Ligand code: DGT
Ligand code: CA
Ligand code: CA
Ligand code: ZN
């Protein structure tokens, strides 16, 4: 993200939180939160925008536009200063605690004099929280646990970890159960696992206790557990209200809030049990999510789109765009073999592709350069291409002869042009000098994009989830260059990367950039990661036409002419 946008979004979000702690107008609170979201996801820098241009952005009115300018120029604004002045310093951090919202923070502050984490912990240990009206012992335990988590530092799960734990739970639950929450929406990282089930309460509690580290809370409506150190919530539903429950627990929270607004217009209240008519008090229940959408006059919204990024309005018009489906993928566009640092032979890659019903697999081994073990130099790449032809004589799945060539620090590629010309498809990736500043890195990648022989930019931001932040790069410029040069950007489906992420995918898609889904598999089981790439593509609003891998072999090769 652009540094100015990051700064401005941070200040706006803080203002929203502080307003809420001070019990100010909820519309104003929402307006700042929304503006923070808009600026945070903006493709261009607000640094160069005047107030008129800012006001033209969705969710930004005159008052906020002025503040955006003020923050962009000075790093702060008077409103932020005023609110900070009026707020004890340790208070805003309490908002990050699980189960603690601004209203709770406000009450803890006003009624117990809590002004920070230490105070809060002391109050909980002295049982002063359960003494508050409307708070109970349970809430006090919850807060203590949250304080513990905050002290240890929070971290989110990778998709693979979350899927594994969800599978363990689904197997343990004695009845039908579905994954909800961020895992169902296909987010790149998962906070906690959410499951909805029709199974009986008692038996479920028993079965889950066997796989859990600890049962945090077991009630008639919900069970919360810790499993392998992670949190999971299980909600109980009945078949007649399963639809509303699944919808609610899938979220996102922002999407749910928008849906409730939609329901409010004809005088209904939407919650996890169904739609209640305000006048008659009658509750309508729904077996499926689609029935809820229909009752709201909307076409169904796929889970991956439920982030309040414009999908609700489209669904109300019946204009949800078609999204790419796993079935439409005809091949994997990023696979390593034992010729570089992978474990599969060429024959094994072809066999694995055939088994998955693919038309083609792009063999894209590393090029030789510093820091990559067993990378291919020009002669070995040529020999590999002969070996690939050999395999293709008998294989039902065609191996495409490719390479993942290094983009060196100066933007040059680590293989000569002739080598690249002999490839079917070329991925170019940054694997070194990650610390370059934004302009240098951006020009480096654009230099590669402009090369005639480069078809795909691999893992464009270089992030490793939980281990390495994205490189500093101006994705707006990269996306523009990719569009102009008809170079595809990769959606790297490896759960440790998931790069590009959804926001950039959407920006690229809107500009007509093609996206190539690749698993970056170094071993056969990793080929299954493809579904994560598809989920990410869907989160980025991609239809089949936006994805390179939906093309037939002939179409794909035609690109290179
Ligand atoms: P996560 O766990 O941080 O990766 O993200 P989610 O989306 O799974 O969030 P989580 O587990 O806190 O809640 C699961 C769903 O429950 C969420 O997507 C929507 C719903 N939900 C949670 N809290 C609220 C809320 O305060 N208001 C509304 N309307 N829905 C909520
Ligand atoms: Ca969750
Ligand atoms: Ca949850
Ligand atoms: Zn790579």
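Note that the numbers count up from 1, one per residue, in the order the chain is shown.
Each Cβ is built from the backbone N, Cα and C atoms, and glycine gets one as well.
Curation plays no part in TrEMBL annotations; they are all automatic predictions.
Annotated features, as they stand in TrEMBL:
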type	residues	note
DOMAIN	3-307	domain 'DNA-directed DNA polymerase X'
DOMAIN	52-71	domain 'Helix-hairpin-helix DNA-binding motif class 1'
DOMAIN	92-111	domain 'Helix-hairpin-helix DNA-binding motif class 1'
DOMAIN	331-409	domain 'Polymerase/histidinol phosphatase N-terminal'
Original post:
In the same chain, who gets a Cβ under 8 Å from the domain 'Helix-hairpin-helix DNA-binding motif class 1' (52-71) while lying at least 6 residues past its ends?
Top reply: 7-8, 11-12, 15, 31-32, 34-35, 37-39, 42, 46, 77-80
Subject >> Confidence summary for the domain 'Polymerase/histidinol phosphatase N-terminal' (331-409), mean pLDDT rounded >> reply: 94
**OP:** Using DSSP, break the domain 'Polymerase/histidinol phosphatase N-terminal' (331-409) down into helix, strand and coil residues and give each count.
**Re:** 27 helix, 22 strand, 30 coil
Subject >> Counts of helix, strand and coil residues, the domain 'Helix-hairpin-helix DNA-binding motif class 1' (92-111), according to DSSP >> reply: 15 helix, 0 strand, 5 coil
